[in-house]
Each structure stands twice: as C-alpha cells, then as structure tokens.
Amino acid sequence: GEWGGGGQMGLVLIAAEGRGAPPCKPGFSEDTYKVVLPDTVEEGRPLFHVDFLDCGRGAPVRMECNNPSDFRIEADGVVYAARSLQRSPQHALVLLVKAIDGTTQQQMMVHTAGNTDLMEISFPSRRNSQLKRMKRDWVIPPINVPENSRGPFPQELVRIRSDHDKSRALRYSVTGPGADQPPTGIFIIDPISGELSVNKPLDREHISNFHLRAHAVDLNGNQVENPIDIVINVIDMNDNRPEFTHQIWNGTVPEGSKPGTFVMTVTSVDKDDPKTANGMLRYKILSQTPESPTSNMFTINNKTGGIITVAAGLDREKVPQYTLIIQATDMEGNPMYGLSNTATAVIRITDVNDNPPEFTAEMFSGEVRENRVNVIVANLTVTDKDQPNTPAWNAVYKITGGDSTGRFSVPTDPTTNEGLVTVVKPIDYETSRTFVLTVEAKNEVPLARGIHYPHLSTATVSIRVMDENESPYFEPNPKLIKLEEGLMPESALTIFTAQDPDRFMRQKITYSKLSDPANWLRIDPNTGRITTIATLDRESSYVKNNLYNATFMGLDDGKPPANGTGTLQIYLLDINDNAPKVFPQEAEICEKPEPNAINITAVDGDLNPNAGPFAFELAHRPFDVRRNWTITRISGDHAQVGLKIGFLESGIYEIPIIITDSGNLPMSNTSYLRVKVCQCDINGDCTDQQHIMAAGLGTGAIIAILLCIIILLILVLLFVVWMKRRDKERQAKQLLIDPEDDVRDNILKYDEEGGGEEDQDYDLSQLQQPDTLEPDAIKPVGIRRLDERPLHPEPQYPMRSAAPHPGDIGDFINEGLKAADNDPTGSGSTAGSLSSLNSSSSGGDQDYDYLNDWGPRFRKLADMYGGCDD
C-alpha cells in the first residue's frame, strides 16, 4: 500500500506523563523521535526504536500502535513494518503509540509527525499557449493531523510553493473555515515561505476535517497560480469514554425460562470515531446480585449488548429479582488501554403458574337450616405460592361430587381467595339431612407444563341440615268447585284443608278466612269445612268471569307458628234469576214520523240460554199505548218502537213494554221506555223550545216556573185595574165586577211557550168564579203526558161575596197573597187553586169544550182535555 505523506517522513513520540527526568518518572525517554524512512519498506523490516523508562520497578509494560495493519511494536520498543509499504511523495506518515503499565493500568499516549524537512506542495505549472487546454489542477492528498496535540504551537504541517518564486517575489495565503472564516485562526500560513501551520489543538468530535484553499499572488496582487484545495483530516484519539443511554435498565424474564431466553438489550455510545478502535465498544457483565442459584445466570452479547439466560433454575418464589453491573469498553474491549463505563441492569423474574392451590385441611364442615338459600355454610381456605392477586394465584372451586341436585355452589372470595360454600336451592330436611361434598381447587390459568395438581387440591365438605317449622300448604291450590248460583245460606260447599310438611313434628292446624269479598262463606277452624252464609249470586260485582275467589289460611301450633294460604275458586253456573230490561231507557221521536222509529234492545243479567232470544210486546194498559204506538221485533235481542198514528203532540211519554226471556222457566218484566216527542226540522232534529226545556229541566221545575210567572201576571194586572178605577170606585160600597173586566181574563195556561198578540182574543167569561162552572164528566184513565200537573182531585173553591167593598181592593190582594203563602195546595185561597188552570183527566168538574171557540191554538187543548178516552 501507499503511505500518506510527502517528502521525508519521521515519527514524533509525545509522552502523556512528560519527560523522564530526575526524580525518575516512568515514561518515554524522549518527547520527540525523528526518523527518516526509505521510499520502500519490506514487510518485517525494523524501522525505529523507542525507549520506555520504568525507573527500576520491573513492572511489565505493553506497547500498542494505532495502525496495526501497517506497523507492529514489540515489547522492547522496536517498531516493524507489518506489510510492504511504498512511500507516497504527497503524504506524511502519522503513527500513534501507547504504553500501558501492567500494574497501575496507567496509559501513556504518543503520536507521530513529520521530520524537520516539511512536505512541500508545488503549484502545477501553466502553459502559455492558448491553443492548448490548460492542465488540470493538482489534487493534493489530505493532510492528517492528530487531535488533542499538546504542541508546541504553531506546529508546521506543510510548505506551499510556486515555480514562479524563482523569477519574482510572491505572497502566499489560505482561505476557508479555520483560516479566514469561522472558526478563524486555527490555521496560519507564512506569506513569504508558504509554511502552513496549525495554531491550536484540534477536536475531532467538534470538527473532523477542514477544507482550505491556498493562493499565490505577486506583489501587485495578481494571481500567478490557480488556487489549490487542501483537506486537513483530524486524526481521532481515544479521548471519550462510552456513555450508556440509561444508567438503570429494567427487564423481565419468566421464571423457569430455558437457557438462551432473551431478556433485554443495553446500549452505550462513544463519541470517538466508530470506524476506529476508539469507538468500537464491547460489553461485559461485571457482577450479578444475588449469586443464586449460580453466579452466572445471565450472559451478554459483547457487541450488541443483548442479555440472555445461560442457566436454568430461575424461580420467582426464591429470587424475584437480579441486579447486573454491565461494563462497556472501547478499543474493542481491550482492558489495557480501552476506556470503560458501567450501568445497572435490573431483571425482574415474572410469575408463572408453577404452584397449584392446596387446601389447608382435608375435611371441612358446616350446617344450614332447611329452606334457607343464599347463605354461606363453610369457608374453604387454600395456600398458593404464586404471586398474589394474579390469575396464577386466584383459586377457582368446583364441586365434583355429592351434589347431584345442584343445591350448592362455591364462589371465590376475591379478597381472601377462600371458597364460600353457598346454598343456592332450598333443602328439605325431611328429604336430606346431611350432604358430603367433594370440592376441587384450581387456578384461573392452567399450571405450567410439567406441574401437576397434588392430593391437597381436593377437599371434603360435610354439611348438616337442621329442621325448621315449615308452613302448612293447601293442595290443590287454588281449588276449583262448580255449583249453581242461588245456593241458599248454610249450605255445605267443600272441605279445604292444608298439609303440614313437618313429618317429624306433631302439630295441629287451625283455619281462618283471609279474603271473602262478598262475605258469602264460613270455614270451620278445626275441620276446614266451608259453608255459605249468604246466597251466591253469579251476577254480583264480586264475580269475575263466573269465578268467585276466597282465600283461607292454615296456622300450625309450632314455635314459632307457621302459616300457609290457599285460594278457593267457586265457578257459579247461571240460573234464570234476572228479568230482561229495555235499553236504552230514553229516546226521541218526531211528531210526524216520516218514517220515524226507535230501535231498542233487551238486556238480561243472565247468560244464554237464560237470556235471549227475547219476546217484545206493548202493555195493555193504559189503552192509549196500543192506540198510539206499535212495536216490531227485529231479531232475538232487538225490536223497533214507532208511532201508530200520524201525529202526536210534543211532550214526554212513558211506554210500558213487556219483555220475556228464553229461560227454562221464562221471566218477564215490564220496562218503561221514556220517549220525547218533539217538533223536528227537515233533518229530523228537534227544534221547539219544549225539547230544550225538557232536556234541561224536569216536569216539576217547569211547573214551578209557570206558577211564578202566573202569580206575577196576576199581581201586575190587579195593580193596573186598581190604578184605573181608583177614583171611580172610591165612593162605591161594593166592588162591582164586570165580566169583561175580570182580572182572570188574561190568565191562561199553555203547553208550549209563545203566543203573541194575535192569540189574545180571549173569552173572559171563562174566568168567572169557580162556583159558576159546571162539573164535567170524569175522563177515563189513559196515557198521561209527563209535562202535565200531577194527578189529584180538583179542589173545591170556597164561596166569596160577589161584590166586595170597592175600598178593600188592597185587602183583597193581600188576603190572596197570604192564602197562597200559607196554603201551598191553593185550596184555601179565595182566588181559587191555580191547578184549576191545568187540564186534568182525573174527573174534575171543569168543562173545556168552550176552548174550541178560542181559536186554532186552543182547539188543540180542547181536543186533548175535553175529549173522552175510547
């Protein structure tokens, strides 16, 4: 190969600890060794010798160089060529030698430099002919300068010269970072001699190389040569220790891992050149704590820092954690002159399920009262060496025998890891008095391979059942019986008794009634016999869907006593004990049906066949029913009522209808259909005021209103007549009553409101004294209109003088008012009863034929009240 250098070459050795001088101090004999080497060196040829002073200690000293591929140094200090070398005229040789004291591990560093004759760099010559291309600039090989040099400074590196300096004076300069650009002042050049020097120590970790440009100009500043590029490389020295990226490294590995299991990787960095031995790191485990079961449980890859297991026997239950001290050394781990640093690796051993749960005893016991559920009868305790509160420690319990009916379960207490034997289904003491369970304990995760459950992972649980007083029970419950309704009181129905499940206790049961909504039943407290105390009625509101429910209780005499309840359901069969009725009970119809009919339905509380089909007919009395109305059967449950005549006066009528059901012993009933006959418009809707009043007021209220209006009219008329004749009659001795001026001439009764001035052509002779009227024949009994006055005999009017004193008109009015106030029936009033103004079919002595002469409106009244019932 070629050396890097130019001119003559030499070695300069600089001791790290200084010169060897009295008093004696170990080190190199000279700070600088200058050696001139030939152009060609054969392999194995000794080149030069360096002396090392040990001051008579006799300690072994080891010599090393930084370029072992080209040179080797023996222990006696002789440097040999490791291979054949060819000197390059452009490069200078730089060699670093290290001496290491084997006792103190002290290191002394030296480096090489050129001899006193500097390498000379010449600018390339130029050709003046413009017809030929200029020669390319020379490429100057890099100049190597070791870092951290201790001088003396400035230290010459190379000489730059131009061939033109023979003919004229030239000036040399360098430019670039490190010269005239930041960082300035590192490199300087003698402008006359062209010697390039370094002015201070260099740091490769800061700047690893510099690129400068050399210039040559004449005294006038004219460039005489093309600039030359100079590259200066900073040679690395081992001046930086390895640094771990973390001081403490954490890793895990499962217990029981096989040798070769990867654990973790540690990493360290070195600022020195990683391409040289200065930055090549090697790792090593210095110590392991604890050293159990061996001191070499782990190993580390010296190049990558990967830690793996190398021995079996990792057991978390014995050693849960290991601490390793890791060392990183540069110079490829050479302990003689490499720099080192340490870090801590903490390896935690993780748990695996290599320990099964084991019961603390082979037998457990407990007791429980019968019929109890969700109660704990025994606590099963286990031990497990695995890490608590992990799936490898948590126990799972399973009943493997003795519980064929599934009456127990064994959940796990999450805090204590105990098995809680719990009753989940009621236990009957009379059936089972003891249980012997077999319970198995396992972990939530399977055991590690090769581990088996021991004998103590299974235990026996003995449970004793204790007897309790149980409630009597009715059988069957509910109990259903069927019978016909209408059963008379004190009839025996059935015997409803309860059974006591406590076969080993002799107890007596007494019975009582809890629920009997209609209060129909009674139960014997000793025998449970049920009898009736009232008639059973299927149509009662307490019967739903033909069923009547009653609840009874049976109470034993245990300590404490227990009771049970039972329900008796009585299914009532229907008998024909309800007569049918008409529905609806009210309806409306127009005076002139065109056509107009009322649809009715028969309702019966009984069921078929004791209900429909029904027979409908009108009652024979009163006679007007069949004369005015007709009824037609539509179906078994429906009929239609209509007017038989072409016209019927407005009013409210009650029609008696006889309805008969279809029972084996049929039942009939007369129902009254209330019909409102009214005047209707073209749409068939009632329009007269009577309909409105009847809809909102009853007959009594309407009569009371009419009486008040008549009394007010009488008072007003009397007051007017008295005012007109006050002066004329003041001197008269008697009150002469003119038939045309009778005060009762304007008092009339109408069955309907209305009547204007066209209807006031009255025959005032009809308002004479009641004793002047002739009795009329008693009218036969017929259908009475509901808007008429109640039926009662017409009162007899007392006789009064024909001509009272003219001055006593006020007394006359006051006496009439007092009589009306004191006698509600009007029988004692001198004015006569107002009922005389009403029509009556009761046989009064009033003749109404004169109403035919009063006009068309009163002719209807004459027809209604003056006619005879056929």
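Glycine is no exception: its Cβ is also placed from the backbone N, Cα and C atoms.
All TrEMBL annotations are machine predictions without curation.
Copied from TrEMBL, the annotated features are:
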- 137-244: domain 'Cadherin' (DOMAIN)
- 245-359: domain 'Cadherin' (DOMAIN)
- 360-474: domain 'Cadherin' (DOMAIN)
- 475-582: domain 'Cadherin' (DOMAIN)
- 581-687: domain 'Cadherin' (DOMAIN)
- 692-723: transmembrane segment (TRANSMEM)
- 752-853: region 'Disordered' (REGION)
- 753-762: compositional bias 'Acidic residues' (COMPBIAS)
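Shown for the domain 'Cadherin' (245-359): DSSP residue counts in helix, strand and coil, namely 6 helix, 50 strand, 59 coil.
Across the domain 'Cadherin' (360-474), DSSP classifies residues as 3 helix, 51 strand, 61 coil. Across all of the domain 'Cadherin' (475-582), the predicted model scores a mean pLDDT of 85. Across the range of the domain 'Cadherin' (581-687), the DSSP-based residue counts are 6 helix, 53 strand, 48 coil.
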